[in-house]
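Engineer: Straight out of TrEMBL:
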- 12-30: transmembrane segment (TRANSMEM)
- 36-54: transmembrane segment (TRANSMEM)
- 74-97: transmembrane segment (TRANSMEM)
- 105-249: domain 'DUF218' (DOMAIN)
Amino acid sequence: MRSILIERILPALLLCGALVFLLPMFARIINAGNLLGLGLCLGGFLLWCFKTPLHQWYIAHGEQLWFRITSRTVLGLCLLGVLLAVGLTGGMLYGAYGKRTQNADVAIVLGCKVNGTRPSIMLQQRLDAAYAYWTEHPDCLLVVSGGKGSNEDISEAACMYQYLTEKGVPADRILQEDRSTSTRENLRFSKELLAERGCMPKEIALVTNEFHQLRASMIAKDCGWTVSSIPAHTQPWLIPTYWVREWLGILHHTLLGTE
């Protein structure tokens, strides 16, 4: 059974994993998530390909002190990586689904890439989640937050406003924050915009993809918000890439306090 696992199942899983991380690249989605995931899968496959000479090398050097220290260090780092991935995944799931809002009066829709004047797939998912919440809570105020990128024809806020009004959300239920270039600025500028209008809710709901909810809520708390979540569902073929990227983002925010 063990030989079947090593000889057939393991390489197949590694190649399938590499394909999963490679697939978004054909849609021009290239980030730290799929680069790291692809690298780990291909690296694991190469180790499998050279398992025989590696095993012979282990037999020749396995009793030497430097080899024992190095191999145990590498094994420990791998185990730490697995534990971190499991822990971060649990936190991300809780951030997305453990604090779902029921009655928030204000929801902030975090911006994402705009293709020309229309929302990207991921931004549309966030807007659809915001619209679904608004249909159940028509008195909710939606803040659409996002500036204009160098490769975008209009600001993310303007794109989101256009999309939501086309779906039937009244213009007076939407505020546009169109200066921000990061999640931290999304939240800080949205807070300033609400304060200018005399609106200071005790709790806000964040509308973003489920993988992003945890880090967004961490940043929101840094800005003085009490938050709940309205998670947008990510297309399955994009989840591994963005999930791995978010692990790195959370670690970066936790260790360095920045995005």
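Every residue, even glycine, has its Cβ placed from backbone N, Cα and C.
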Engineer: What residues in the same chain, six or more past the boundaries of the transmembrane segment (74-97), come closer than 8 Å to it by Cβ-Cβ distance?
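Structural biologist: For the transmembrane segment (74-97), the sequence-distant neighbours (Cβ-Cβ under 8 Å, at least 6 residues beyond its ends) are 210-211, 213-215, 217, 229, 231, 243, 246-247, 250-251.
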Engineer: Count up the helix, strand and coil residues in the domain 'DUF218' (105-249) according to DSSP, in that order.
Structural biologist: 71 helix, 30 strand, 44 coil
Engineer: Suppose you look only at the domain 'DUF218' (105-249); what would the mean pLDDT be?
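Structural biologist: Mean pLDDT across the domain 'DUF218' (105-249) comes out at 93.
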